[in-house]
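Structure record follows, encoded as structure tokens.
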């Protein structure tokens, strides 16, 4: 591990030869995984239950075994590996991220977290340290939801929160999730076998590129994630009346004009509340150049650090829609298509991540709220979570220009390893304190003879 004196400060910098070798190997593996894609011309796309999914699982399994992990693929297609602790069968600290991608993806979103976890386990095994917990690495099969339109399928399966309604989801190819499972060699009736119990884990740590500009703006390589945004998604329909484009303004019931007013107002309201609101899809009916739009459908993705504030702003938006539509003689309705609560990283795991970052030379680690969703959100239902963010150039992600430096990857691995060891030290100290307290309690209880006076312990007359 790089010492604080050698780490080059908060921006990453001077690396030891070992750090450089490890970081270079991780980046080379990122490049190798990038060649497994369903898109041409060097672009990257890897979706759930595809040929490419099988290929990268096979590669990652090989690397896990080289690191000393025993491996298995679970009933949802997640790749898992385990290194036992001081004794076999201990609860595990789960490390990981995902290997699937969006279309035309970058090389590091999710992938860097999986490969960094493998590198950390390999270092700890090579050091001969016996930890008070096992280490497990998971490469989640589907975080992005690209193929079937539902995110976090892999981590939801592991957390035991799989929804059987998902079996009927279909991709653009018309293949259902159920049929894709069968074609890939999985048994839909065994999906429950992927579920893990809370008592099997001591926590979950995930390293992930930031997917934002804040670390770069602060000239810091790494950051602590405080919480992950809770998102609600809606499909909103604004209804007016279609008509000839020559209709006078005072007689129009233009659904698109009303929707446009609403979208601008939604942005203003969300910004003032420090939430994120995105309208990413809009469809106009009847969609003709000389016809007043009679109906508009648009999506709304609303996310915030706290569920209560996000829900309050949704109520404000509903009132706004009612006012705008009333003024324009329109009506509106909405259907909620997705809801996920915000996930707060535990104080204990935020603390060990902070210790890890400080070990790289950054004496004042930066805390960030994640506006993007992560597998940690699903895992939070069964164990406490912590996340380490890694600077990415320009904050660019979900794009071929996604980029991280070798120095920052080296810092990531160092900090991740230090966080694991800090948690191990804390667990060992807690166990020792518990043993000492039990021993002290036993010694303080001395036997009283049958002839003793219970008031002062002296013999009764």
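Glycine is treated like the rest: Cβ placed from N, Cα and C.
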Candidates 208, 244, 281, the one TrEMBL lists with 98, 109 as binding Zn(2+) 1: 208
290, 303 bind allantoate per TrEMBL; candidate in 233, 364, 391 listed for that same site: 233
Additional site residue, 374, 398 [criterion: listed by TrEMBL with 109, 144 for Zn(2+) 2]: 398
Three-state composition of the domain 'Peptidase M20 dimerisation' (230-325), taking helix and strand from DSSP: 40 helix, 33 strand, 23 coil
Of the binding-site residues listed as 98, 144, 208, the one whose CA lies nearest the CA of residue 233 (allantoate binding site): 144
Nearest of the binding-site residues (290, 303, 398) to residue 208 (Zn(2+) 1 binding site) - Cα to Cα: 398
Neighbour count (Cβ, 10 Å) for residue 233 (allantoate binding site): 17
Rounded to the nearest Å - Cα separation of residue 303 (allantoate binding site) and residue 109 (Zn(2+) 1 binding site): 20
